[in-house]
Amino acid sequence: MKESGEHGETSKAPLNRGVSKGLSVLDLILRFIAIIGTLASAIAMGTTNETLPFFTQFIRFKAQYSDLPTLTFFVVANSIVCAYLILSLPLSIVHIIRSRAKFSRLLLIFLDAVMLALVTAGASAAAAIVYLAHKGNVRANWLAICQQFDSFCERISGSLIGSFGAMVVLILLILLSAIALARR
């Protein structure tokens, strides 16, 4: 009887290694997806500007992302998260090779959570400004600027997509690392 129990345990080990390796490969793929999302968001927001044409050369109205500190924070936050994700790729590759690495997975869970908080703060702050740009605020007497600066508003709205997508991917990465640790 003891032999069959040992036999069952040894046949389970290759299966666990295969699942752990699969989780590590998925982790690497998700990191690449998050890199693309944060990089695209930072570039889209960082290159956004629009100048309204007027009849005179002396009066021009211009909208740039750098006019609003919140949008600048959005670009910086996405850039930091993108840099972190690029720097975490080697660790993710190590997990494919050595799926038993425990400390590095714990480190990634912690740092992924910090980066999730950073990208959430940046995206949420930018989303509030984008909402005000589209709708304005009657009580504060803030007019909606998107009727005049339509391409500016389209770009800043579109840049939020990659950032919110990266938030979802970071949540999945944290869950994936937690599952991989729990399987130990």
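Cβ coordinates come from backbone N, Cα and C, glycine included.
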- Same-side flag (membrane), Lys21 vs Ser151, source Swiss-Prot: no
- Item | Residues from the same chain, set at least six apart from the ends of the transmembrane segment (160-180), whose C-beta lies under 8 A from its own | 20, 23-24, 26-27, 30-31, 33-34, 36-41, 44, 74, 78, 81, 95, 99, 105, 108-109, 112-113, 115-116, 119-120, 122-123, 126-127, 130
- Could you count the residues of the topological domain 'Cytoplasmic' (94-105) that DSSP puts in helix, in strand and in coil? 7 helix, 0 strand, 5 coil
